[in-house]
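*Asks:* What follows is a single structure, and I will ask about it in a moment.
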Amino acid sequence: MSDPTIRPQSELTPGDFTAAENPFALFAEWLAEANKSEPNDPNAMALATVDPDGLPDVRMVLMKGYDEHGFVFYSHIASQKGRELAANPKAALLFHWKSLRRQIRIRGTVTPVTDTEADAYFATRPKQAQIGAWASKQSQPLESRFAFEQAIAKVTARHLIGDVPRPPGWSGWRITPSRIEFWHDRPFRLHDRIEFRRDTPDHPWTKTRLYP
């Protein structure tokens, strides 16, 4: 049985997205459509980093903001991704929207967000998620689930009243893209692909159409 959330190829209309000149504007259009069609987390993206031995790591994270300066996500600074980004501040992202038969690939350099940005976003999180950020030692060995629940209980007891401040080891990163590629599924694997490249954030984008 086919998935009713996935648009059949016969209903796909490629539009004229290959005529776009601003990749951020096109990203905003595609994300808006994904917000309507994706059943879960349209802002989910695969984040790829590299360890000191050159081996890649990839995991799903949630994009929590974007503008023409880049794409933002948050996590623990001492996590595996945080350590790898500190050693090699370059990353790749992938958005895949199955319901739309589209994907966007992004490569770029990574910089930490400001404390002001991190504080502002942390304040919007549910209190239980804020407590979890204090209780978790992300990517470190965990003796048992019970040990984690004990840590959560201790943090909860400390913050029964009032706001929960942002942990000093929890913050965010911004990926400033040097390359953004848009891919749209077409019948018989004759897909549409366009790629935007720039040498630095101050340079204009160069657009190229790619073979599928």
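Any Cβ shown, glycine's included, is placed from N, Cα and C.
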*Asks:* Among K64, K81, which residue does Swiss-Prot name as a further substrate binder in the site formed by Y121, R125, R189, L190, H191?
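*Replies:* When Swiss-Prot describes the substrate site, the candidate it includes is K64.
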*Asks:* From R174, R193, R197, grab the residue that Swiss-Prot records in the same FMN site as R59, M60, V61, L62, M63, K64, Y74, S75, K81, Q103, Q138, S139, W183.
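*Replies:* Same FMN site in Swiss-Prot: R193.
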*Asks:* Would you list, in sequence order, the binding-site residues among K64, R125, L190, H191 whose CA lies within 10 Å of the CA of W183 (FMN binding site)?
*Replies:* H191
*Asks:* Which of these binding-site residues is closest to M63 (FMN binding site) if you go by CA atoms: R125, R189, L190?
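*Replies:* Result for M63 (FMN binding site): the nearest of the binding-site residues is R125.
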*Asks:* If one measures from the C-alpha of V61 (FMN binding site) to the C-alpha of Y121 (substrate binding site), what distance in angstrom results, rounded to a whole number?
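*Replies:* The Cα atom of V61 (FMN binding site) is 15 Å away from the Cα atom of Y121 (substrate binding site).
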*Asks:* Compute all pairwise C-alpha distances among R59, M60, V61, L62, M63, K64, Y74, S75, K81, Q103, Q138, S139, W183, R193, the residues listed as binding FMN, and give the largest one in whole angstrom.
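*Replies:* Across R59, M60, V61, L62, M63, K64, Y74, S75, K81, Q103, Q138, S139, W183, R193, the two farthest Cα atoms sit 37 Å apart.
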*Asks:* Work through the binding-site residues one by one (R59, Y74, K81, Q138) and name whichever has its CA nearest to the CA of L190 (substrate binding site).
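*Replies:* Closest candidate to L190 (substrate binding site), judged by Cα separation, is R59.
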